[in-house]
Amino acid sequence: MDITLLILFLFILGTMYLVTSEKLTKNATLFLILFFAFIVWYYIRFGFGRYFTSFDESYYTSLLGDRYWYSNWPISGFATPFLLHKLNDVISDPIITTLTFSALVFLIYVIFLYWFYKKMGLDERASLFSLLVLFMSSYYIWPAMEVRPQQLGLIVGASLFLALRSRHKRLLAPILSVLLVLTHILSFIVFSILLLVHTMLEVVIKGKNRRTELLTISFSIVSGWVVFLIFSPYNKMVASLVWVIKNTKIIGKAPLWDHFSIISTILLVIGFYIVVRITDFATKRVDTLKNIWEVTTAIVKRFKPYIFGLSFALVMIGLYLQFKLRADVYTTVYSNSAVTFLLLQFGNLFFAIVYIKEVINKIPKNAFQDLDVISIILVFVGGLGLLASILMPSSGGWSFNNWLVRIVQYFVPFATPIVALSLMRDLKETTQKVKLLITVTLSLLIFLSVLNVARPPQLYNYDLTWDEETINVAKKAKFNAFLGFRTTPSDFKRISVENLLRAYGRLSTDYVTPQGSVLLSSDNYYLLSAPFTPIKLGEIKKYQNLYIVPSSPTEEYHAYLIFHEHSLIETDKCSGVSPLLIIGGPLSNKCTKQLEEKRATLVSFSENGLVSPHSIYPYPQSGKNWWDVENGLFVIQSLEHEGDFIILIEGTNIDSTIAGMYYFENFVYKAEMYSECSYIIGEWREKDGQVWDKLKFDPEDKNGFSEGDEIKILEVGCSG
């Protein structure tokens, strides 16, 4: 490890020297920084004998195992998982797909920010040096390489800012705003606040046309928000957002939030009206505001050291509060060492010191550029993020309290030019020895930030990672096997393994320890055989008699009606007889309940939907009345359990269960096409407006199964 660290530091130092010395051409410098970015990416990902990942990244990687990810899981952005699936269609390996996507976007960041900085007025040398200074902060490296929606959100958001400066802003701004909300919801919210405040300042200070500027940005924001509310893949995220609002420590569970779409849109419109009124108020009092600014500059000139000290103290207070909010995580990750935590924050702290110094120096001169103004606005947005973290609910799946960190990740790319320009002046206005000292110092700070992201096991207790052993086990953990840990895993390790299992198609990740033969054993894991064996449905043709376990008189009646070619023997036994026909789900049939408690079914019903070896099928929405159903899912599966041959038919409602029974008798038992299959997943839909008499549970019931309805097969599990 020591030699590797030395080589890494020397590589960083060499790159810093070549860039600061300006001995290379501009194109060669850009190529060098791209190569530097790739080496940093490679070292973080593979530098310690494992694949580095993170909670968010492993979650989005896990979605690659579910073809219906867009309706089954909450997502904060659509574009990233969509592109990941398209890339995985070509690569066909979730890990390689994630790593490829990460590397591509990490390098695209370098090219995009180089172009963005030049568009924002920086010259080429300043833009190139800014690219290198970015790596001084771990708050740039981590989000730029981590595969999650924010990765692309920053690119689209920055493009939206440029669009508002162009002649075609009325056309481009709404389009990019909609694209931004499809890319990342938080980025949409952050950039909406950022651009709205920036537009207000442009109108007040520079006298730009209020109607044109505010109308353009307001229409763009409303367009994006409406798309967020109506875009069906965001339904679960909207529900999660409502839960967060209802469970915050101030707002509470007000009934009006049940109408979130309407209320939020109304509040948004009211907010725009308030912004217009504030802008009008400020515009009419420009002279007063100028006087206030002059007083402010005079105070800054006189008390500059004290203001600097106060500003840095606020940074440290923010860091401390964020640490306290996430103390359980940080103390674990940093091995309960405050020294390690502070040491590896040196790059971020130095970045903050230079930034504060430059902002204070610019105040008396009133020499702020657009990037400076944006970064200052983001400082205040970060304060709001910290407040939001404090108010977040302390329990539940959305108990996130790191919003300050997320805002800082937007702040760094916009604040970097002001830091880079300050360092460039220092490098030009000093002696050769001091210049060398600055170069070494900057290299060391980048080195520390790279280590902070890489999480070396010698310094960190961080095992949200994937190694070759874990990946190989996940690939071999078939759906009818049980995964066990040899030692109790940490929460990080459990999360990483569960998400990896989902990525490779094992969508049910419950850990149980049944008695079974060992299928695979490794240093950290073992695989046990499941307490069942899938059996071909064609085996049923060997039997004339069927032992039936119905779950209700209605299903019993239809069993005798449908299975007229069989001799049905009713039984209350769940074992000891074969072949056993079990009808209905675990809530109504004790035999189904026993099988599912023992994890003895290949296809099962979970909280999120019907889980198969290849996908999760979301449950259909129910009607206002329990009997008012127009569609449903069913599964027909055959298996051997404790020596018994079992056929299990269950659906999401009684009509779909009867549809499964009907399909089994007429299209499975009498046909050859499913003889080699062990399970069939189907969807029943009302089509003919007819209902079998015994399925009519109310005089107004006009929906229910009959022979004329549509049955669509969604998935089959067949050998060969």
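Placed from the backbone N, Cα and C atoms, the Cβ positions cover glycine too.
For 31-48, 96-117, 126-142, 171-201, 213-234, 254-276, 306-323, 335-356, 368-391, 403-424, 436-454, the entry in TrEMBL reads transmembrane segment.
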Quick test of the contact rule: Cβ under 8 Å, at least six residues beyond the ends. What residues does that give for the transmembrane segment (213-234)?
70-71, 75, 78, 160, 164, 169-170, 173-174, 176-178, 180-182, 185, 188, 192, 195-196, 199-200, 202-203, 261, 264-265, 268-269, 272, 275-276, 279
Counting only residues 6+ away from its ends, which parts of the chain sit with a Cβ under 8 Å from the transmembrane segment (254-276)?
196, 200, 210, 214, 218, 221-222, 225-226, 229, 238, 241-242, 245-246
Can you name the far-off residues of the same chain, 6+ from the ends of the transmembrane segment (171-201), with a Cβ under 8 Å from a Cβ of it?
76-80, 149-150, 152-154, 156-157, 159-161, 163-164, 213-214, 216-221, 223-225, 227-228, 231, 234, 237, 275, 278-279, 282, 370, 373-374, 377-378, 381, 406-407, 410
Result, the transmembrane segment (436-454) in contact with the transmembrane segment (126-142) (3+ CB pairs under 8 Å):
yes
Beyond the flanks of the transmembrane segment (31-48) by at least 6 residues, Cβ under 8 Å:
1, 4, 8, 11-12, 15, 18-19, 24, 99, 102-103, 106-107, 109-111, 128, 131-132, 135, 141, 145, 450, 453-457
How about the transmembrane segment (306-323) and the transmembrane segment (436-454): at least 3 CB pairs under 8 Å, pairs 6 or more apart in sequence, or not?
no
Mind checking which residues reach the transmembrane segment (436-454)? Cβ under 8 Å, same chain, six or more beyond either end.
8-9, 12-13, 16-17, 20, 40, 43-44, 47-48, 52, 132-133, 135-138, 141-142, 145, 343-348, 350, 423, 426-427, 430
